[in-house]
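Single-structure report; data block below.
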Amino acid sequence: MPFSPPSGLKAARYIALAACTAVALACGTNYVYSAYAPQLARELHLSTSESNVIGTAGNFGMYLSGIPAGMLVDRKGPRLAILIGAFALFAGYFPIYKVFDSGTNIGVGWLAMFSAFTGVGSCFAFNASIKVAALNFPKSRGTATALPLAAFGLSAFFFSTLSSWLFPGNTSDFLLVLSTATASIVFGAFFFIRIIPSAGQYSAVPTDEPERSTNRLRRTKSRDSHTSFDVEPDIRGWALTQHTEFWRLFLMLGILTGIGLMTINNIGHSVQALWYAFDPNKDAKDVERFQGIHVSILSLCSFSGRLISGTISDVLKKKWALSRVWLVFTSSSFFLLGQIAGMSVSNPLNLWLVSGINGFSYGLVFGVFPTIVSEAFGLHGLSQNWGTMTLAPVIFGYITNLFYGKIYDSHSQQLDAGHYECSEGIGCYRSAYVLTAFASISVMGISLWDIFIHRRANAGKRKVMTATGAFVH
């Protein structure tokens, strides 16, 4: 008679998933940077390039800490990573709040370091939440991980809306909310996040034991993402670099996230440029309100993309036997439309097309990529492997943000008050979107190449299995 786990285990899994989703909601606040970046630059007399250094440092902190965060989660379990995340989020946002509140420029280097702390905290806590969601629901990992992934994308909308409701037009209080709320949510979720053993593991696995003890129990199961004759791999560390599939995925993720991060980090500057040309007398608070609206649009569309991508990819794989990489192709196609909009939209009232399409595309790619990585290289090394993959956004995000900042600054003038302004509207940044349009096309080609390679490999495996079966019988 099969073992039936206690009824509380199912509830515990869903409670843990809810906690993972809450953690992810607190971890996506790097994408809210555009909501306060122009005000921070104006208050501290920073150029657009300097502002981008600070914003990019947050991305660096998130993605460069991916490998150590993944190794920690894989080896020690999720709970220590959650605590590190809560501490680092507070250690990053609170000093930025104090600097802005005092109006004292302590230097771009210090501000970049504090911004990097917020990225480190987000990475550690988010990695833990994704790993717990995937391990607690191994048969529906795409759908289970879609919830925290979607919440991560919704984070900017949640916090910008909360701030505009509680403290309209008050950037200082907004930063205070970020410093206290993010750390509090992550720390509170610590008490509910844990690996819940499956029915066959219940009597053998303690709840606080790191999940590496379950590796031996699942290592040889068939992957639900591949055909039944595939054994789930366990490839991690330097071994990844020996696989051409790793480099294809690395390029696709890096280029697409670089495209998305350029808009995410700079939509506030784009809003400022278009409104300055469209209506120079527009009240500064109204322009700031539009910044918040576009951050919310980016966030909501990213949330939508992340939410549906996991479920759609499961349907593609299980029902139609198609590669999940088709969603990467779809994302790059949408990104191309977003870049065309970025090159074309000169009326600030229509800028929602740029933020909406780019946000949705970014959500699509981030919603499906962890599952693609887990299928390619194994589930139990997911945190470490995902950390390795997220080095790609560091490289490509830096390139696109640097490119945008240099172009914007080349069209800007420093006013007597000390801050910088660009009065050329879309001309302030149009060239940056030309670069990213070509980058989108390149990923469309790489994704089709990857799909073709896998289709040919799977056809070869089926021929081998057919021949083997004929010989045996």
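Just so it is clear, glycine is given a Cβ too, placed from its N, Cα and C backbone atoms.
According to TrEMBL, the features are:
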{"type": "REGION", "residues": "203-228", "note": "region 'Disordered'"}
{"type": "TRANSMEM", "residues": "12-33", "note": "transmembrane segment"}
{"type": "TRANSMEM", "residues": "53-73", "note": "transmembrane segment"}
{"type": "TRANSMEM", "residues": "80-100", "note": "transmembrane segment"}
{"type": "TRANSMEM", "residues": "106-126", "note": "transmembrane segment"}
{"type": "TRANSMEM", "residues": "147-168", "note": "transmembrane segment"}
{"type": "TRANSMEM", "residues": "174-193", "note": "transmembrane segment"}
{"type": "TRANSMEM", "residues": "249-278", "note": "transmembrane segment"}
{"type": "TRANSMEM", "residues": "321-345", "note": "transmembrane segment"}
{"type": "TRANSMEM", "residues": "351-373", "note": "transmembrane segment"}
{"type": "TRANSMEM", "residues": "385-404", "note": "transmembrane segment"}
{"type": "TRANSMEM", "residues": "433-453", "note": "transmembrane segment"}
Open item on the list: Cβ pairs under 8 Å only, please: of the recorded stretches 53-73, 147-168, 174-193, 249-278, 433-453, which one is richest in them relative to the transmembrane segment (385-404)?
Closed with: 249-278
TODO: Establish whether the number of Cβ pairs under 8 Å between the transmembrane segment (351-373) and the transmembrane segment (147-168) reaches at least three, counting only pairs separated by 6 or more residues.
DONE: yes
Task: Within-chain partners of the transmembrane segment (433-453) [C-beta distance under 8 Å, separation at least 6 from its ends] - done: 245, 248-249, 251-252, 255-256, 258-259, 262, 323, 325-326, 328-329, 332-333, 335-336, 338-340, 342-343, 400, 403
TODO: For the transmembrane segment (12-33), name the stretch out of 53-73, 80-100, 147-168, 249-278 with the most CB-CB pairs under 8 Å.
DONE: 147-168
Open item on the list: If you count every Cβ pair below 8 Å, which range out of 53-73, 80-100, 147-168, 174-193, 321-345 shares the most with the transmembrane segment (249-278)?
Closed with: 321-345
Task: Residue numbers, six or more beyond the limits of the transmembrane segment (321-345), whose CB comes under 8 Å of its CB atoms - done: 225, 252, 256, 259-260, 263, 270, 274, 305, 309, 312-313, 351, 353-354, 357-358, 360-362, 364-365, 368-369, 371-372, 375, 426, 429-430, 432-434, 436-437, 440-441, 443-444, 447-448, 450-451, 454-455
- [ ] Decide whether the stretches the transmembrane segment (174-193) and the transmembrane segment (80-100) have at least 3 CB pairs under 8 angstroms, with pairs required to be 6 or more apart in sequence.
- [x] yes
Task: Sequence-remote partners of the transmembrane segment (147-168) [C-beta within less than 8 Å, at least six residues beyond its ends] - done: 17, 20-29, 31-32, 35, 126, 129-130, 133, 174, 177-178, 181-182, 289, 292, 295-296, 298-300, 302-307, 309-310, 359, 362-363, 366-367, 370
